[in-house]
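As written in Swiss-Prot, here are the features:
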SIGNAL    1-26  signal peptide
DISULFID  CYS29-CYS66  disulfide bond
DISULFID  CYS39-CYS55  disulfide bond
DISULFID  CYS56-CYS81  disulfide bond
DISULFID  CYS68-CYS88  disulfide bond
Amino acid sequence: MASMKSLATAILVVLLLAALSREGRSQNCSAAIGELMTCGPYVLPGNNGAPSEQCCSALRAVNHGCLCETINIISSLPDHCSLPAVNCAS
C-alpha cells in the first residue's frame, strides 16, 4: 500500500510539474493543476470515500484543455523513460 501512495503522490507531482513546465500555458493552468493536490487522498487505490468539496472545486476550476494536455503528458512518460506502455485495461 505504501508503494501505491508513493505512486499516487508521484503522479500528482508530475501533474504539477508538467503544468509548470509548459511556458505556452498561462499561470492559471499551473495554479489550477497545483490545486488538484487536494485530490491526493481520493486517487489512492482502495479509497472508497467521496472526494472532498475542495477537490471537486479544484477540478471544476481546471480548464479542460489544460487538464487534457497534462494527462497526455503523463501518459507519454513511460515512452520517454524507455518503459513499456501502461495498459490499465489488463
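Including glycine, each Cβ sits where the backbone N, Cα and C put it.
Overlay of Swiss-Prot annotations on the structure.
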residue : record         : CB count, 10 Å
CYS29   : disulfide bond : 20
CYS39   : disulfide bond : 18
CYS55   : disulfide bond : 19
CYS56   : disulfide bond : 14
CYS66   : disulfide bond : 19
CYS68   : disulfide bond : 11
CYS81   : disulfide bond : 7
CYS88   : disulfide bond : 4
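A separation of roughly 17 Å, to the nearest angstrom, links the Cα atoms of CYS39 (disulfide bond) and CYS68 (disulfide bond). Nearest to CYS29 (disulfide bond) in space, judged by Cα atoms and limited to the disulfide-bonded residues CYS55, CYS56, CYS68, CYS81, CYS88, is CYS68.
Spacing of CYS56 (disulfide bond) relative to CYS66 (disulfide bond) is 16 Å (Cα to Cα, whole number). For CYS88 (disulfide bond), the nearest neighbour among the disulfide-bonded residues CYS55, CYS66, CYS81, judged by Cα separation, is CYS81. Between the alpha carbons (Cα) of CYS68 (disulfide bond) and CYS55 (disulfide bond) lies a span of roughly 17 Å. When secondary structure is read from DSSP and collapsed to three states, CYS81 (disulfide bond) falls in the coil class.
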